[in-house]
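Right, one structure below, let's go through it.
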Amino acid sequence: MLIAHRTAYLLSHRLCQIYRINPTSNMSLDSDKEAQIRHQRESELKRKAYRDMKEETRKVLKHARIETPTPEPDAVGLPRKRFYRQRAHSNPFSDHRLDYPQEPSCMEWQKLYPHYFDETTGTMSKNVEIADIGCGYGGLLIQLATAFPEKLSLGMEIRVQVTQYVEDRIIALREQNKDAEQYQNVAVLRGNAMKFTPNFFFKGQLSKMFFCFPDPHFKQRKHKARIITSTLLSEYAYVLREGGIIYTITDVEDLHKWMAKHLEEHPLFERKSVEWEKNDKCVQLMMNSTEEGQKVERNKGSKYVACFERLPTPEDCD
Amino acid sequence: MKHPIQILIADKSGEHIFASVTNHLLVLRASDGKLIGSWVDPVDAQEFQEKRFKARMEEQKKKEEANEDENAAKKLKNNKKEPKVPAPGPGAPTIYNYIRSLTLSRDESYLIGTTDSDKAAVIFKIDYSQDNCLSLVKRQVFPKRPCSVLTTLDDEKVVVADKFGDVYEIQGKDSAVVAEKDLVPILGHVSMLSEVIVAEHDGKQFVLTGDRDEHIKVSHYPKSYVVRNWLFGHHEFVSCLQICPFNEDILVSGGGDDYLLVWNWWEKKELAKVELRELVAPFLTDSHLPPERFFREDSPREICISKVRVYEQGDQKLLVVLCENTKCILTFSFNEDMSLTHKQTLSTTDSIIDFVIVSDAVLAAVDVESEDNLLQLFRFDDSCSLHHEDSDLTKVISKSVECEVSGRADFYPLYYISSLRKRSEH
Ligand SMILES: C[S@@+](CC[C@H](N)C(=O)[O-])C[C@H]1O[C@@H](n2cnc3c(N)ncnc32)[C@H](O)[C@@H]1O
C-alpha cells in the first residue's frame with residue numbers, strides 16, 4: 001500500500017513538471033502547424049499523466065474496504081473530466097480488447113462492489129439489478145446510488161477513458177462519503193453492451209435498464225449500430241425480469257420515434273403511459289442527471305422519453 | 001488443370017452427391033459417379049457489384065436532393081464529410097463468384113445454396129426424373145452475405161444467417177422473392193454468424209446460431225424473439241454446429257479453439273470437451289500461423305475446425321473431424337456419457353478442403369493441382385477404421401468438373417475459416 005501511495009505521489013509530481021513545460025519556446029523556429037502538433041502532443045501527455053496518477057490511486061482504492069488507510073488527499077479528489085476526453089464514437093462492431101466474463105457465473109462482482117461481498121460464504125449478498133447502458137460520464141449512475149440505496153446499479157460504457165473517469169468519480173465519492181458508506185452500491189465497467197450483455201447477467205437478473213441519449217447513428221446504413229434494435233431487444237428482454245422496465249430518453253426526435261417503434265413492435269415489451277412516466281422517480285432522474293441531458297437543457301433542446309415494461313414470456317416458451 | 005471441389009454434401013441414403021466448384025453446382029449419382037444435374041451461376045460478381053454500387057449512388061443522390069437542407073444541417077452538426085461508398089476499381093479486392101454454403105431440405109427435395117456474388121440464397125427443386133435434376137425455384141438477394149442456411153422442420157421456411165449477424169426467414173417452396181428493403185430479421189447477433197441450425201425438442205423448434213464472438217445462442221422458433229439461453233464455453237469463434245442424429249439434444253460445436261465441445265443443448269449442459277491440439281499438431285504448418293501483421297515470435301500455429309459429422313455403424317457412433325487446411329481426418333468414438341475417445345488419425349497425401357460421409361465411406365475434396373482426380377475415398381471397415389481406397393468414382397466425378405484453371409494461383413480461396421479469428425484492434 002505504502003509503495004502505491006508513493007507512486008501516486010511521484011506521478012502527481014511528474015504531472016507538475018509536465019505542466020511547467022513551456023509549449024511556446026522556440027516558436028520562432030517552428031511553423032504554426034508544428035507548434036500546434038507539439039502542443040496537442042503535450043496536452044495529451046498531460047492528460048495521460050493525470051490519468052496515470054489516477055490509475056495508481058484507482059489500483060489502491062478500487063478493491064479497498066473501509067479499513068484502508070487514507071491515500072494522498074490530492075489523488076482521490078473528484079476527477080476532472082477534461083483529462084479523460086475521448087473521441088465521441090466507438091465502433092460497436094469492432095473487436096475491442098475487452099474484458100468480459102466467459103459467462104455470468106464467472107463474473108467477480110466483489111471486485112466492483114466489495115462492500116456486498118460476504119467473506120464467510122464467499123458470495124455476494126446482492127446482485128446487480130439496475131443497468132445504465134452507455135452511461136457516459138456517469139451522472140445518472142451517481143444519482144441512482146442514493147435514489148436506490150438498497151440496490152446495486154451498474155454503468156456499462158464502451159469508451160475506455162470515459163469509463164475510467166466514472167471509476168475515479170465513484171472512488172472519490174466513496175472516499176468522501178466513507179462515514180455514511182455511500183456509493184458502495186454503484187460501479188462501472190467497460191463493455192460493449194451490444195455484444196456481451198448476456199455474459200454479465202443471468203436470465204431475468206435486471207429490473208431496470210436505462211438507455212439515456214444513445215448515439216443517434218443518423219444514416220440509414222448505420223442503423224444496425226444503434227443500441228436499440230429489434231434483434232437486440234430480444235437479448236435485453238432475456239436479462240430483464242418480467243415487469244422490469246426499459247427507460248429511453250433522447251433529444252433526437254427521429255431516434256425517439258425509431259426506438260419507440262421497435263419497442264412497440266417487440267412482443268415482449270409494452271409502453272408505459274404518460275401518467276406512469278409522470279409518477280416514476282426514475283423518469284425524473286434521467287431527465288436531468290446525465291451529462292448529455294444537462295447539455296440538452298443548456299441548449300434548450302427537447303427531450304423525448306419512452307418507457308416500456310417487459311411482458312411475461314409466452315407460456316409455450318417454457 | 002481443374003479447380004478443386006469446394007463443397008461436398010450428400011443425401012441421407014448416400015445415393016446422391018452434391019458438389020460445388022467456383023460458381024458451378026453438380027449433382028452426381030453415387031453408384032457410378034454419373035452427372036445428373038448441374039447449374040452454373042450466371043451472375044457476374046464484378047458486374048453485380050458495380051450495378052449495386054451505381055444504384056446506391058443514384059439513391060443517395062436522390063435522397064440528397066430531396067432533403068438538401070436537412071442534410072446540410074446534419075453535416076454541419078456532425079462536422080464530418082459524408083463517407084463515400086467505396087468504388088470498385090482495379091485496386092479493389094477481387095470478388096469471387098462462388099457458392100459459400102450448400103444444404104438440402106429435410107425431405108431432400110430442395111437444394112439450397114448461398115452465393116457470394118450477389119449475396120443471395122438460391123433454391124432448387126430436385127427432380128431426378130428430369131435430364132437435369134436441378135431447376136432454380138428462386139434467387140433471393142439479401143442485404144448482407146448469407147453464410148449459412150437450413151430449413152425448418154416442415155421445410156416450409158428457409159432460415160438464413162448472414163455476415164452482419166442477422167437471421168432471416170423466407171418461404172422455401174414458392175418462387176416469390178421479397179424485396180431487399182422488406183426483409184426483416186427474425187433474430188440477430190452483433191457479430192458475424194457462421195452457422196445456423198434448426199433443432200427440435202419435444203416437437204418444438206429452436207434456432208441455434210454460432211458467431212464470431214464465441215457465442216452460441218438458442219432462440220425459440222417461430223417465436224424467435226424469445227431467447228432461451230446461451231451456451232457459453234468457447235473462447236474463440238464458433239464455426240461448426242452439428243446436431244447428433246442419434247440424439248437430437250446432443251450438439252457438437254467447434255471453431256477457433258483447440259477443443260470441441262459436446263453439449264446437451266436442451267438441458268444447457270456441457271457434457272464433454274475434446275482437446276485436439278496434440279492430435280493435430282503434427283499436421284499444422286506455417287500456413288496456420290497468424291497473418292504477418294499479427295505475427296509474434298511466440299505465436300502458436302492456430303487450429304480452426306472446419307467440419308464435424310457423425311457416422312453410425314451398428315451400435316458404434318463416431319465423430320469425424322476436419323481441421324482447416326490439414327492433411328488428416330480425425331475420428332472419435334462416442335462413449336455412453338457422450339465423452340469422446342480418440343479412435344484414429346488418418347493421414348492423407350493432400351490437404352482436405354471438405355468431406356462428406358456417403359454410406360460407409362468418407363469422400364474428401366482435396367487440395368491438388370490435378371486434371372483427373374480431385375477427390376479421395378476412405379472406407380470404414382467393420383471396426384470403423386478408415387482406409388484409403390482407390391476408386392473409379394473419384395475419377396468419374398472429377399471428369400464432370402468443368403472449371404479449368406492454369407494453376408494454383410487461379411484457385412479461389414479454399415480456406416477462409418481462419419479469417420474469422422478475432423485480432424484485437426484496440
Ligand atoms: C451520447 S452518450 C450518452 C451518455 C450518457 N448516457 C448521458 O446521457 O450523458 C452515449 C454513450 O454510449 C456509449 N456507447 C455506445 N455504444 C455502446 C455499447 N455498445 N456499449 C456500451 N456503451 C456504448 C458511448 O461511448 C457514449 O458514451
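Just so you know, glycine gets a Cβ as well, placed from its N, Cα and C.
Note that the structure is a prediction, hence the values are computed from the model and not measured.
With A:G134, A:E157, A:I158, A:N192, A:A193, A:T290, A:E291, A:E292 listed by TrEMBL as binding S-adenosyl-L-methionine, the candidate from A:C212, A:C307, A:C317 annotated for that site turns out to be A:C212. For the S-adenosyl-L-methionine site, whose annotated binding residues are A:G134, A:E157, A:I158, A:N192, A:A193, A:C212, A:T290, A:E291, A:E292, the maximal Cα to Cα separation is 20 Å. On the backbone, the CA of A:I158 (S-adenosyl-L-methionine binding site) and the CA of A:D215 (active site) stand 12 Å apart. A straight line from the CA of A:G134 (S-adenosyl-L-methionine binding site) to the CA of A:D215 (active site) spans 9 Å.
The binding-site residues shown are A:A193, A:T290, A:E292; of these, the one with its CA atom nearest the CA of A:D215 (active site) is A:E292. Just so you know, the Cβ of A:G134 (S-adenosyl-L-methionine binding site) picks up 24 other Cβ atoms within 10 Å once every protein chain is counted.
Other Cβ atoms within 10 Å of the Cβ of A:D215 (active site) number 18 in total over all chains. When the binding-site residues A:I158, A:A193, A:T290, A:E292 are compared by the number of other C-beta atoms lying within 10 angstroms of their own C-beta, A:E292 comes out lowest. Reduced to three states, the DSSP call for A:G134 (S-adenosyl-L-methionine binding site) is coil.
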